[in-house]
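*Asks:* Starting off with a structure, shown below.
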Amino acid sequence: MLLTDNLFYFASFFVFIFGLIIGSFLNVVIYRLPEGKSLLFPASSCPECGTKIKFYDNIPIVSYIILGGKCRACGNRIPVIYPAIELLSAVLFYLLFIKLFYNAFFHFNITSYDLSLFKDYLTGRLLLFMAYGFFIFILIPISFIDFFHRIIPDSLNMTLIIAGFLFNIFLLHKGFLFPFAGFIAGGLSFYLIAVFYELVRKKEGLGGGDIKLIAGIGAFLGVKGVIFTIFAGSVFGLLGFILSLLYLNIQDRTKTTSSRSNKGNLIQNDDNYDSGNYHSETIGSANSLAHNINTVSANDNAAHIGSNNTNPEIHLEKSELNLNNKADDNFISSKIPFGPFLSMAAVLYTFYGSYLMNIYIDFIRR
């Protein structure tokens, strides 16, 4: 351990609080930047009633818990994504601090940064914390904006690229070639993939935002970081796609079960009508009218679905099949945001990258 126990515990607590505050600001970035609003003015307010949020109601996570996740003025529910982003930011900054200063992340040393370039290890670790803390600071809003809006603002991507060059050249003393090679490797590889995909499929595959993002990641992490990020990001993306398909399938099954249940209730009501167990002519007339209306509606639906088939269950299954196929086609043809998966892979490389790459290289050499 590089710091005394008491100083380390105090510093780690401070870093966690600092991460919460950063996360609170990132919520503002994620909400306002895609809409072109100022990040500083006006003060935060409830989107439902417009009441300005007091400072004591804007304490990260704490205020959410005290208020029960609701606006103090109107009682409108506050989305849980806000404290989730604050917590994510705090955890990532805390883990980065532990990695750099505790020197034993999860009970084994994987610190892979070249600290010999600095006058002393403490200064080097502080500079590394600044550099890669800023890296995480940019990747969080990129991920959530891309997830919610399917865009990555140029302002964030350009900030990432410029910061990658500046930090590697002036703070980390890695020279110009390290960030430049990563920038070219990332940007050029994704650009070629995008061109090839568009030629084959006749439509856009990778957006310009993804190309600039991987170029910025390369400017920070170098060529090895780009290789790892593309590979791991693709794996994460595939897993996310599979989970999305499973979720869509579960939704379709739920809707199918509900539709069949409603159809069964309709047939049961018709059988009850035919049994003639009614005690009033008025009730019988009303039900007769309802039965006639239902019969006409059912016949109309059958005519639309398939005039040669009079089985209501088969009609139902055909209509469900068409809806399911349409939903699957729309889902598969829709754009899945790649930014969050690239960001996850880049953060993973920041903590474990060199360690995992060495394991992979050793495995290949065997």
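Along the chain as shown, the residues are counted starting at 1.
From the backbone N, Cα and C atoms, a Cβ is placed for every residue, glycine too.
Copied straight from TrEMBL:
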- 17-99: domain 'Prepilin peptidase A24 N-terminal' (DOMAIN)
- 134-239: domain 'Prepilin type IV endopeptidase peptidase' (DOMAIN)
- 6-30: transmembrane segment (TRANSMEM)
- 80-106: transmembrane segment (TRANSMEM)
- 126-148: transmembrane segment (TRANSMEM)
- 155-172: transmembrane segment (TRANSMEM)
- 178-200: transmembrane segment (TRANSMEM)
- 221-248: transmembrane segment (TRANSMEM)
- 341-361: transmembrane segment (TRANSMEM)
*Asks:* Which residues, given as numbers and ranges, are at least 6 beyond the ends of the transmembrane segment (221-248) yet have a Cβ under 8 Å from it?
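*Replies:* Apart from its flanks, the transmembrane segment (221-248) reaches 168, 174, 178-179, 181-182, 185-186, 189-190, 214, 327-328, 331, 336, 338, 341-342, 344-346, 348-350, 353-354, 356-357.
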*Asks:* Could you check whether the transmembrane segment (6-30) packs against the transmembrane segment (126-148) - three or more CB pairs closer than 8 Å, residues at least 6 apart in sequence?
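*Replies:* Yes, the transmembrane segment (6-30) contacts the transmembrane segment (126-148).
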*Asks:* Counting only pairs at least 6 apart in sequence, do the transmembrane segment (341-361) and the transmembrane segment (80-106) share 3+ Cβ pairs under 8 Å?
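*Replies:* Answer yes, regions in contact.
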*Asks:* Are there residues at least 6 beyond the ends of the transmembrane segment (178-200) whose Cβ is under 8 Å from a Cβ of it, and what are they?
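*Replies:* Counting only partners 6 or more residues beyond its ends, the transmembrane segment (178-200) has Cβ contacts under 8 Å with 161, 164-165, 168-169, 206-207, 210-212, 214-223, 225-227, 229-230.
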*Asks:* Just to be sure I understand, if DSSP states are collapsed into helix, strand and coil, how many residues of the domain 'Prepilin type IV endopeptidase peptidase' (134-239) fall in each?
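*Replies:* Looking at the domain 'Prepilin type IV endopeptidase peptidase' (134-239) with DSSP, the answer is 91 helix, 0 strand, 15 coil.
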*Asks:* When the pLDDT values for the domain 'Prepilin type IV endopeptidase peptidase' (134-239) are averaged, what is the result?
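*Replies:* Over the domain 'Prepilin type IV endopeptidase peptidase' (134-239), the predicted model scores a mean pLDDT of 93.
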